[in-house]
Structures are given as structure tokens and as C-alpha cells.
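Here is the structure we will look at, set down as C-alpha cells.
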């Protein structure tokens, strides 16, 4: 572990973008600024999803508050490239997924030993807490946890899609997977082919990853929220809408409630 986990450039990872090229205070300028998208999209999704959250659970807003925290911690990390910034960035991602899992994971997919959603949430948060503590000892633990979760999410998506005949939802799932492929390709390319990108003076793939993964999270969260709503609150007649162009299915998707069960 570095002498000071708060020291600038004490992180074990340095991305392809050159350091301190645009500001003496910001290590990776574009990788830092690109996180603003999280700070804009998070509050917007809270606003769009408020009617749904009132019907399903106000804990839905916690997902997007954590989403904003991911953006803030990522900004701090890329601004300083500190070891603490790296840990906060990675751990916050784990926790936003844990919160989303506890709320939206389809009830029929619960393991046999899980009795209810409260029990499921307790198990998820316990595992997330253990992974968080281990991350301070060995950061690679968090990376393995995130990879396992990613593949499990893909498995659940495929399983639910096979039972779905709604073309709007199939389109949503297809776009979600495509966005994820583009996002992860940007991340991997920045890590694996940095020398090439530096030769052509294009070191912005990690900042592009931030934008695409932000949009991917919106699409995938909406997809899981729809699956969950069809199990938990089917009487509310949930529908996927798009902001700002509802009729063209272009923009940010969100879950709309046709029949309200309760008010906030």
C-alpha cells in the first residue's frame, strides 16, 4: 500500500490520458470532466421516476443518489489519481449495484433459501460489506466481485427476455446490451492499446466510457425496473417511456406508471 493513500498519483492505475496537461490541479482533465454526466443524469432520473418510486418504493431514489456519488468519487479519483480515490470509485460502483439488486432483482429468481425481499437485501448488503472490507486489504477483490455481478446480470436479462414478448422491452434490452458492449470496448481499448491511441493523439476513450456506461446504467436499470414491476406491481400497468422524445423511443428510458396505487 502507498505511504499515503490520499497522495496524488498514489493509485495503482494510471489511465491513457496524459497527466496535468490542462490544469496543475487536475491529473486527468477529460476523465474528470466527463463524470459531470452522472451529476446531470442522476437528478433527472429521480425526477422522471418519482411517480414510479411512490408506487414501488422510495428506495428507488437511493439508487440514483448512489449513482451521483459514483460520479463524484470518480471525479475525485481522476482529479488526483490517489489510492483512496481509486477505492472510493470502485466501492461506490459495487454499492450502487447492491442497492439496485436488492430493489429490482426478480423475485422468481431468488435462491431457495431466500424467504422475501427483505431477507434478500440483507444477504446482498452483507456480501457487499464483506467485499468492501476486503477491498481495503486487496483491491482486486472488488474487481472480481464486479465482474461476477456483471455476468450474473447478463444471465438474468437473457432469462427474463426469453419470457418477454413486448417489442418495446426487447428493443430496450437490445440497446442496453449494445451500449454495454460499446462502453466496455472503450474501457478495454484504453487499457490495452494505450500506446496506439497516444501515437494518434486520441486519449479520450476512458472519458467516452464514462458517458456510455452512464447511459447503459439508465437503460439497464429501466429494464430491471420493468421486470420487477411486472412481478411486484402489475396492477399499476408500468410502461417504458423515453425522455425527451417519447414517441420515437429516443433518449433516456424510464418507467412510467399508468395507474397510481398511492401518492407521496
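Along the chain as shown, residues are numbered 1 onward.
A Cβ is built for glycine as well, from the same backbone N, Cα and C atoms used for every other residue.
Annotated Zn(2+) binding in TrEMBL involves 206, 210 plus, out of the candidates 61, 78, 119, the residue 78. Here residue 28 (Ca(2+) binding site) is positioned 10 angstrom away from residue 206 (Zn(2+) binding site), judged by their C-alpha atoms. Contact check: the transmembrane segment (83-106) against the transmembrane segment (170-188) gives fewer than three Cβ pairs closer than 8 Å, residues 6 or more apart, which falls short of the contact criterion.
The largest share of C-beta pairs under 8 angstroms with the transmembrane segment (170-188) comes from 143-158, of the ranges 29-49, 118-137, 143-158. Ranked by how many other Cβ atoms sit within 10 Å of their Cβ, the binding-site residues 206, 210 place 206 at the bottom.
Where the transmembrane segment (143-158) meets the stretches 29-49, 118-137, 208-227, the count of C-beta pairs under 8 angstroms peaks at 208-227.
Following the DSSP three-state reduction, the secondary structure of residue 17 (Ca(2+) binding site) is coil.
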